[in-house]
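Student: Annotation source TrEMBL lists domain 'Amidase' at 70-536. If you look up TrEMBL, you'll see Lys116, Ser191 marked as active site, charge relay system. Taken from TrEMBL, the feature substrate binding site covers Leu165, Ser191, Val212, Gly213, Gly214, Ser215. According to TrEMBL, the feature active site, acyl-ester intermediate maps to Ser215.
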Amino acid sequence: RWRRRRALWRKVAEAQERQERSLVRMEAVARRFREQHPSVNVVSILSLPLPELSKKLRDGSLPPDHVFYAYVGKALQIATETNCITEFLQESESQLRKAKLMEKQGLLYGVPVSIKDSIDCQGHDSTLGFIKNINKPAAEDSVVVQVLKRQGAIPFVKTNVPQSLISYDCKNLIFGQTCNPLLYTRTPGGSSGGEGALVGGGGSILGIGTDVGGSLRFPAAFCGICAIKPTGNRLSKRGIMAGVVGQKAVAAAVGPLAKDVESLALCLRALLSEDMFSLDSTVPPLPFNEEVYSSTKPLRIGYYETDFFTMPSPAMRRAVRETKQLLEEAGHTLVPFELTNVDYVIFNYCVRGMFADGGRSFVTKFKGEMEKGSTGLLFWLAKAPHWLKTLLSWIAKPFVPRFSSIVRSMKENTVDEVWSLHHEIEDFCHQFIAQWKKLNLDVMLCPMLGPAFGIGYPAKLSVAVSYTMLYNALDFPAGVVPVTLVTDEDEEELKGYKGYYQDWWDRTLAKAFRGSVGMPVAVQCVALPWQEELCLRFMKEVETL
């Protein structure tokens, strides 16, 4: 056993050395460029928004290498501050030279892009924070990365994730903890936490991440940037590693993070191209719908301030209220939407759906690993024998009903139970759409968990994913836009925070929200399946107001 642990530590040391070499390499190339081109105004390059930057790159008024090395230098600085980068993709330099020779310039010509650890890049590990995945380089690029390259983009770094991806913090035993660029004692969110930190800190202009319970939306909201989780199959997931493989109850999705909505739209325009549809024929060939995105007709918007499961922080409530008011003043119609049974959805569809095998495949992933901490309670429940789960659930029911429900939903299911669960989720989705259509809505305005928690809190607060995970179970496109900052009044109001269940989780949540004056708070914008363009149009409206 001791020998095995030593071998594991050797692998960890190897990966850490590679990370260290990556940063040294980044420093060397950035310094060399500065020495050769001392007159380049790096600050002005870094301050350009993506649509403007890509226009200048395409019309030749900005050389791609100036942009590339400006971002390498900035990314290095943010990585030193937040520990968000796991590897520098050295081939990006030769790709930069190749991009210059392309006859057809893609929409993202010369744009440096950061990639989440779990997305395959040829010749590089996709570790998911697991030691067993070190030194297992991907044989080829994932479809998304291939399409980015064909569109002229230059993937240049891979970024950190929490172990197993089933967490909204960002820490693993190999690369350690990633911090929030706005406040180092806070988590950047997860599981696309490295992306959130790098894009939020300005070290990358466009990032690609994944989302199975809020993994794009948490980092965006916690780091004060924008992100969109599309419908599960709008973008190809070929070559992307999942936290729980093969489960169909909760839809995972891949999507972009950026500083503003226009950048997200540009990224989707580039990805939803013939390249994507020919590389992965299981993706519906729906190109980006410009007409819907650029439309100016007033919208009918549903909204709610709470899901009656996770009590919103005062800042979250205020974010929704203020946004609602601004939208009404701009001529849109806002209609209250009644959310019911979110507790049932979270326990019975989300937790039970992801761990329908009693958590067996999840536990197998950790076999031979040393650290199991970041997933907290879920790992230990998944490991517990069936009789213990039944007993725990029964004992806890009168005192801690939520704990009892989680334990109950982690039990192993038979195949027919899984099928009937899938059928039930389908039914729920149709009922939700019927309620939506009855109110004649275009889009929905919802709260987004925030402000960013202190490091370590997400592991204790797995129940707080209710606002985001609902839309993975429904498989609706959902984006986040930062709209306000926490004020002293919010902080004062927080003293009366009780929660709906007044259990240990609610008390911990109150602590997690505390001491966040000046931190960003976002709202969530949601549309019906396959309506990413409408979702983005609504996000743009919110951002502008």
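Glycine is treated like the rest: Cβ placed from N, Cα and C.
Automated prediction, rather than curation, is the source of TrEMBL annotations.
Tell me about the setting of these features in this model.
Tutor: The Cβ neighbour count for Ser215 (substrate binding site), using a 10 Å radius over every protein chain in view, is 34.
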Student: What is the separation, in Å, between the Cα atoms of Ser215 (substrate binding site) and Lys116 (active site, charge relay system)?
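Tutor: So the alpha carbons of Ser215 (substrate binding site) and Lys116 (active site, charge relay system) sit roughly 11 Å from each other.
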Student: Return the residues near Gly214 (substrate binding site), defined as same-chain residues 6+ apart in sequence whose C-beta is under 8 angstroms from its C-beta, sorted by sequence, else 'none'.
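Tutor: Within the chain, Gly214 (substrate binding site) has Cβ neighbours under 8 Å at Tyr168, Leu449, Val465, Tyr467, Thr468, Met469, Asn472.
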Student: Other than Leu165, Ser191, Val212, Gly213, Gly214, Ser215 themselves, what residues in this chain have Cβ atoms within 8 Å of the centroid of the substrate site's Cβ atoms?
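Tutor: Those within range, site residues removed, are Ile166, Ser167, Tyr168, Gly190, Ser192, Thr210, Asp211, Leu216, Phe218, Gly243, Ala252.
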Student: Assuming the binding residues for substrate are exactly those in the record, Leu165, Ser191, Val212, Gly213, Gly214, Ser215, what is the maximum CA-CA distance in angstrom, rounded?
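Tutor: The span, Cα to Cα at its widest, is 11 Å.
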Student: Quick check for the class: what is the C-alpha distance, in angstrom and rounded, between Lys116 (active site, charge relay system) and Ser191 (substrate binding site)?
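Tutor: Pair distance, Cα basis, whole Å: 9 Å.
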